[in-house]
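First up is the structure itself, then whatever we jot down about it.
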Amino acid sequence: MDNSSQSKPSSSSSSHSPSPAAITPTQRTTRDSGLCSTIDIPEIQAQCIDNLNSHYLGKGTYGLVEKTRYRKTRQDDFRPAAIKYSSQLHMATLIREAKVMWDLRNHPNIIKIYGLYKSPRNGQGVVMEYMDCGSMADLLYDRTHINYTIDHVASWMFQLSSAVDFFHSNSQVHRDLKLQNMLLSDRYRTMKLCDFGTFTSMHQSMTSNRGTPITMAPEVFRCEQYNMKSDIYSIGIIMWQIIARNHPYRRDLSVPGLLYNVATANLRPQELECNPILSEFYKKCWNDNADIRPTSSECVEYFTLLKDEYPNGSVPLSDSSTNGPAETPPPHAHRPTMLGTSSGSGIGSNNRTPTASKLLNPQQPGQGHRRNRSETFVVQPDLPYPTVPGEAGASRIPKSQSEAKNFRDRAKSEQRQPHRDARPPPPFEHRRDSNDEEKHAVFMNICSNEETRPIDPDTRDEKSLEIFHQHCDNNKQYADAWVIKKEVMRAKHELIAQWPQHDHTVELLERKYYLEQEIARYRDIQDDNYFSTERM
């Protein structure tokens, strides 16, 4: 209420106390503040979905994903689409993600949502556009026969930074940027962001562990106050992954060991032999000091210049196995990993051998614009673990480096090894992939809880580091025990459900035994009668 609207009391009423001004209640903002309501998202009718041609694509973080055909009205033709369903437990998360995507639907590098659809078979779902080339992780690590150049890197990174800058300009942050959330289409030339389940507004106090460990900013793991610069850190890691076409960290490194060393020992991906124009930028993006990282608009400006220098990002990718253009892959189910919810690379997810990239190296300043020979980005040999650049870094935390290595070795030794002998596998061994993902989720929830998360250690104090390691180990053991208990209870309920069938089987066996005895007794009587007749 404006002050001008409150008239002062007249002199005739000066003996009376003026009425107090109305107090405006403080509105409590939540991470859903500013999002559209569900009624703003159109409800898709059953006749607009071709259920007969729908088939399973894969399993996401909160439910399954199907490929289907969708049309806006009965007069329109069907076109490919994807439907993301959710279990009842995570329905609120799915609806919230739909609201976010609906608000961002006008950006060309963000997945478009068509509406909400209630399936008689799978329940509530969100219908969105279908990206026919899979994720960036699929391209980098699975389809190594498909080649790309620095032109495509510049184009993809420009599209990514453009989408990030779009919601950063509205004071919103994604918090889970990764290769698996970058979907490709149009012969791998168009990139769009998906999975906005962790999306939130900057008006909220953000200190919780949200995101994927490989691209999680160190301040997020330290449970410090963080901001939009956490997305910039993820951009730096993604840029390194696409340039190197490699995994940023050792595949045998445990999740707690990775997060601890990134947050306290400044662990980063290996050095690449590439143009300093590229390496200096992604190193600036993943700087431990968030204030040094560039803004999203500066990222757009940088990748715009890089794209102008290498403008052939619109050229279709080539397939080295056929010496022709890369074909659109058939739809397939995404692989589960222990670190994320979808396909792609993850620490300990599988045993794929990292493949070196075959990108064309940007020429040094002063050379001609177009390249006349092919060069490759070369990954240097494994660096000491963890990498601390310069003498200053070596003198800063010599003990924490050794302690971090011991922590990694101890965590690694606790991991279950695959069975190589002929003995039968232990119970629930066939569910290891899903268990690892669930254990990681439980572990991250424990570490984000103010009552159970480890207190940040003093890297100069050996006792403080030891206590931190023990706390992390206890949290990991608790997560393992919680998941095992859940599996045991599930097996118990399955046995209870099968008990009536077991009773029926026992009853049938008893009847069978009784009949066998009766038949044997009848045969004995017949034999006795036969011998009696012969003697007579």
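For all residues, glycine too, the Cβ spot is worked out from N, Cα and C.
According to Swiss-Prot, the protein carries these features:
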type     : residues                                         : note
ACT_SITE : D176                                             : active site, proton acceptor
BINDING  : L57, G58, K59, G60, T61, Y62, G63, L64, V65, K84 : ATP binding site
COMPBIAS : 1-20                                             : compositional bias 'Low complexity'
COMPBIAS : 315-325                                          : compositional bias 'Polar residues'
COMPBIAS : 350-366                                          : compositional bias 'Polar residues'
COMPBIAS : 405-438                                          : compositional bias 'Basic and acidic residues'
REGION   : 1-34                                             : region 'Disordered'
REGION   : 314-438                                          : region 'Disordered'
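Non-local neighbourhood of G63 (ATP binding site): K84, Y85, S86, S87, H90, L94, N122, each in the same chain, at least six residues away, with C-beta under 8 Å from its C-beta. A 10 Å cutoff on Cβ-Cβ distances gives V65 (ATP binding site) a total of 21 other Cβ atoms nearby, all chains included. Take the CB of K59 (ATP binding site) and look out to 10 A: across all protein chains shown you find 17 other CB atoms. When the Cα atoms are compared, K59 (ATP binding site) and D176 (active site, proton acceptor) turn out to be 18 Å apart. Of all Cβ atoms in the shown protein chains, 23 besides its own fall within 10 Å of the Cβ of D176 (active site, proton acceptor).
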